[in-house]
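Annotation comment: TrEMBL describes 20-39, 51-69, 81-98, 110-130, 142-161, 182-204, 224-246, 253-274, 280-303 as transmembrane segment.
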Amino acid sequence: CFSLLFLFHALRQFPGCGNIVTFSQFLFIAVEGFIFEANFGRKSPAIPIRYYFIMVAMFFTVSVVNNYALNLNISMPLHMIFRSGSLIASMALGIIILKKRYSVSKYTSIALVSLGIFTCTFMSAKQVASDSSLNEEDGLQVFLWWLLGIAALTFALLMSARMGIFQETLYKRFGKHSKEALFYNHALPLPGFLLLAPNIYHHAVLFNQSEPFRVPGLGLTLPIMWFYLFMNVITQYVCIRGVFILTTECPSLTVTLVVTLRKFVSLIFSILYFRNPFTAWHWLGTALVFLGTLMYAEVWNSLGSLLARCRRRPKEE
């Protein structure tokens with residue numbers, strides 16, 4: 001939530017600043033990993049570097065496309081709801097690529113999440129199309145840009161799922177190395193930001209021109225946009241490092257549940273704090289998305305087993 005808060009403050013003043021935010025996050029994590037994980041380049045990777053190049057190409061593409069989607073009339077809540085379908089996208093690609101088969105409850109969860117995303121997307125489309133402050137020509141242009149944003153989110157969702165399958169096969173073959181993966185996933189894409197250098201430099205200049213801000217407790221004064229960026233980078237680092245560690249230290253059920261709850265809290269925070277338009281239909285769609293995700297994770301079965309064990313303990317004692 002804190003990472004989202006600082007990102008929103010940046011996007012509200014400079015809507016196109018997603019690239020400088022992403023670059024800063026990648027640079028910070030790469031430098032930290034180069035020092036503490038790669039030991040200044042002296043430590044060889046456990047997974048061959050060529051596989052990381054494939055992985056980071058996917059990772060870089062997903063990050064940039066997701067950022068650009070926010071510039072295409074996609075609201076923050078819809079952005080998060082759409083990305084909540086990553087579990088379903090991964091499942092669908094698992095069926096297609098890995099030839100996996102699932103139970104009826106898994107397919108039911110797919111239907112719920114898909115229906116939830118469709119409901120939220122459809123209602124957002126109606127809001128964009130019926131914006132009374134725009135004339136017919138401008139309204140059509142805004143709606144077309146919104147459609148492009150939906151296409152970008154869909155592409156990023158599928159690409160992210162494909163990356164997850166690729167990571168799964170690598171971890172089965174070479175073992176799980178969360179810190180190493182975190183480092184190379186952020187260090188290797190850095191040259192790709194040269195393609196975005198004009199945009200990054202432009203927003204760096206704009207950041208320098210923002211109002212001065214005195215950092216509490218330090219007595220340091222700097223442009224407020226740089227403070228927002230710094231706080232976003234730190235909080236995002238804590239978040240993404242926790243996710244990478246969680247994938248190797250905890251069962252997939254725990255990871256799914258924690259990530260789902262985090263997205264839900266972020267969504268509620270976004271709606272309340274950012275005052276985004278959110279109708280009853282949006283709430284219904286959101287409920288379907290998270291209900292389907294929890295059903296996929298078999299949370300109900302786990303809770304039932306836990307309660308059954310708790311009931312048996314007094315009798316055994």
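Note that the numbers count up from 1, one per residue, in the order the chain is shown.
Any Cβ shown, glycine's included, is placed from N, Cα and C.
Just so you know, TrEMBL annotations never went through curation; they're auto-generated.
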Report the listed stretch (51-69, 142-161, 182-204, 224-246) having the maximum count of Cβ pairs within less than 8 Å of the transmembrane segment (20-39).
182-204
Where among 51-69, 142-161, 224-246 do we find the most Cβ pairs under 8 Å to the transmembrane segment (182-204)?
51-69
